[in-house]
């Protein structure tokens, strides 16, 4: 009884004390690192499965009508991994480990992609592809490692003032100009593909519209090349931008929209954490952040699917993630004024990392241009479809 009274008189251990003891033992960062690896792998696997679903749909469209996206099991699985599993695991990792540990693992998405495109999609990797991907990965690690990691809390009033700052205004103007230029570059040849991307079509529409558009499956026959590169566009002598610019534009649009969406999402999270949800729902700025996040992330998903439906994943995934992280990092520094918490050496290293990312994008873009210039004979396309049929069917 004495022992029982001794235990009953001891004060109960609160949840906060348990969490502090866990953090004092530094036992949660390992779980955070594992979640980072799983998150990056889930994102890369989802992108490649989405790409695989489009390739398989091309093969079956020769004999029967194509299906809409929600009728394709592979597309649903890939979208689930990319849109739900990847963000949830990343948020859990940020709860268990410091941001300076979690964020560098964003470059692992590209690393996993280099492995998966050869195994899952049977896409041939060249030495220049690996060099370009390594430049992007190393540049991203440098950008995140030398960026500001410890920042104060932000309120809606402070964020409103920061958003009206001249530096961030210039960033928005430049981003808008880049988006307009990219959209203009792909206005005719790529946006025509949105019609068949999100709805089912008949066999004759698939053949005349050219579902074998873009990618490495560029026909050597010039008479059908126009239809394949420009779905729904008849060969009437209309000029179009080079294929490497189309690849770069549609992939970069997904990354830019994703980076801007991350900024608006971070702003909403900062406001909720500092002022509380009950106070936020009474202000219009919170709804602006939420609406912007939904619209921008929706556009990111649309252009990601459009890019993966037309071009090889070994080019799309590095470009999308590189532009997403680069645009998000630059926007975060300017919007949240993170440069005030960075030394001159950190700013210099950050700039070098950004230049490496740009260099990697240029290398991959030039590599895709050279690959597209080599016409793929019909027997190569037939053999590639046979290789893909060896994988698990939908």
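Note: Cβ is positioned from N, Cα and C throughout, glycine not excepted.
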Which is it, of 342-366, 367-391, that TrEMBL names as transmembrane segment? 342-366
In the same chain, residues at least 6 away from the ends of the transmembrane segment (342-366) whose Cβ sits under 8 Å of its Cβ atoms read 128-129, 131-148, 244, 247-248, 252, 315, 318-319, 322-323, 325-326, 329-330, 333
Most CB pairs under 8 Å with the transmembrane segment (168-190): which of 26-54, 128-148, 315-336? 315-336
With the cut-off at Cβ under 8 Å and a gap of six or more residues from its ends, the chain residues touching the transmembrane segment (128-148) are 100, 103-104, 106-108, 110-111, 113-114, 314-315, 318, 321-322, 325-326, 329, 332-333, 338-339, 341-342, 345-347, 349-350, 352-361, 363-364, 366-367
